[in-house]
Amino acid sequence: MERIYTTQAIKYIGGRIKLCGWVNSRRDHGKIIFIDLRDKKGTIQIVFSNNLKPELYNLSQKLRPEWVIEVTGEVVKRPKGMENLKIETGTIEIKAETLKVFSEAKTLPFSIENDGYEINEEKRLKYRYLDLRRPRLKRNLEIRQKAIQFIREFLIKEDFIEIETPILTKSTPEGARDFVVPSRLEPGKFYALPQSPQQYKQLLMVAGIEKYFQITRCFRDEDPRADRQAEFTQLDLEMSFVSQNDILEIIEKLYIVLIKNLFPEKKILKIPFPRITYSEAIKKYKIDKPDIRINKEDKNELAFAFIVDFPMFEWKKEEKRWDAVHHPFTRPQTEDIKKIKAEPSEILAYQYDFVLNGYEIGGGSLRTYKPEVLEAVFEVMGHKKQEIRKKFGHLLEAFEYGVPPHGGIAPGIDRFLAIVLNEPNIREIMAFPKTGDNRDLMMNAPAEITQEQLKELKLKPLSLKAKAPKAGLVKKRKGKNEKDKK
C-alpha cells in the first residue's frame, strides 16, 4: 500500500490507507485512544479501540508526542457533532488497523505548538531542527520556495539566463570583510567567499550573455549586528545595453506580479514605485531608506520606492581618503565624469537602492565599462596603478576586448520575505540561520580544526594569549572604531 498525506485522506472515505508522520498529541479516553498524526500537509485523528483491536490498543498506550509512526486503517466520517472544522481533515478519522513505530522521541526542550516568539532564541537556534517543526516556520519556508520559483519563472520568460558563478574566488574590496579559505595545493594563498557575484556578472556581460540572473548565496564577515547574517540569499541580476530606468522597470514589474500572485492580501501603496533622489530623501525624511507608508499600523500596506542619484564618493575621516559609497564599479553620471579627480565630492552616480517600508531590500547601479574611468575611480580612492592592476587586472583586461554598457541590481530574498510575512527578523525566513554574532549554535561553528588539517594547509595556530607587559610599561590603549561600508 502506498503512503499518502493526511490531507488526501478525505478522498478515501470507506477505503483503507497508509499514513506516516509524527504523533502530535495523544488523548486517552478509557477504552479508546485518540492520536493526532502530523505530517508536512496537516494533522488527522487516528482512533485505537480496545474493543476492535486489543493488541493494537495496548501498543498505542505507549505512544508519546513526537514519536515517528506508520498507521494503516479505514477512513470513516466522524460521529455527528464530533467534527473539528478548524482543520482540513476535521470531518473524518482513521480506524487504526496496524501500527509501526519507526522511532521514539525524548521530551522536547520547548513547545512547538505555538509560534515560538516567546522562547529564548538561542535555544531555538540550538535545536533548529525541532523549531522547524512548528507550522509557522514550515509555512515560511514553503512561501520562500514559491517566491523563488516565481522569480525564476518570471525572469526566464523575460529572456534571462540563469548562470551559477563560483563560490571560491579572489578577495577584492567590495565593502565588508571577506571570509577567506586557505588553499591546500598552494600554501600561503587563499580563496575568498564572494560578497556578491559582482565581477563575474560583469564578465558575463563581456561574454555576450546580455541578460543574466541567479538566486545566489553571498558571504560577508561583518561586525555583530542583531538582524544581519554572515551568509544570505539574493536575487542577482545584470543586463547589457540598458539605462537605469530599464533596470528599475523590470524589477518593478517583477515585484508587482509577485505580490499580486503570492500575496494578494497585500496592498502596494503607489504604482509605479516612486523615484526619490538621495538628496531629497535626506532633506525630507532625514534618511536614505524612507518609510513612506500612509498607515504604518496596516500590516498589509507595502510602500516600495527607488532611491536614486547617490553621491559617488564619501570622505573617510579616519583614513583620510575618498571611498566609493556603493562599490568602485558604479558608473559616474555622464556629466560628472570629467570632474572625477578634481571634485570627487560633487560626483553623482548611476546608483540606486530598492526600499520597502523603510528597509533597504536591494541595491544596484549602472557599471563603469571604460577602463580609463574605472582606473580614475580607483585612483581617487587612493589605489596605485600597480595595485589596481594586481587586484583587478583580469577585469580591466576583459574590458579591452569589447564590453557593452551594462548594469544590474541585487534584491535580498530574506529581507523582502520577512517584511511581507510580518516577521520580526530574517532568521524567521531562513532554515538554519546564525546568531547576530555569526555563531551556529546547532553545529557549534565556528570551531577549531585538527592538527592534521593545519598541517595539510601549512598553517600554524595563532596563540590567543597576550604576553604580559613588563612592569612600568603598561599603557592604556585607545579603542578603535571600525566602520564598514553599507
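Glycine residues also receive a Cβ, built from the backbone N, Cα and C atoms like all the rest.
Keep in mind that TrEMBL annotations are predicted by a computer and have not been checked by a curator.
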Record-annotated ATP site (TrEMBL): member among GLU164, GLU280, GLU360 besides ARG220, ASP221, GLU222, GLN229, GLY412, ILE413, ASP414, ARG415: GLU360
Stretch carrying region 'Aspartate' according to TrEMBL (options 198-201, 274-277, 294-297): 198-201
Three-class DSSP secondary structure - GLU222 (ATP binding site): coil
Nearest of the recorded positions (GLY81, GLU360, ILE413) to HIS326 (L-aspartate binding site), judged by Cα-Cα distance: GLU360
Average model confidence [pLDDT] within the domain 'Aminoacyl-transfer RNA synthetases class-II family profile' (141-433): 94
Spatial separation of GLY81 (site 'Important for tRNA non-discrimination') from GLU222 (ATP binding site) - C-alpha basis, Å: 58
Three-state composition of the region 'Aspartate' (198-201), taking helix and strand from DSSP: 4 helix, 0 strand, 0 coil
Inter-residue C-alpha distance, ILE413 (ATP binding site) and HIS29 (site 'Important for tRNA non-discrimination') (nearest angstrom): 48
Fewest-neighbour residue among recorded positions, criterion Cβ within 10 Å, set HIS29, HIS326, ARG367, ARG415: HIS29
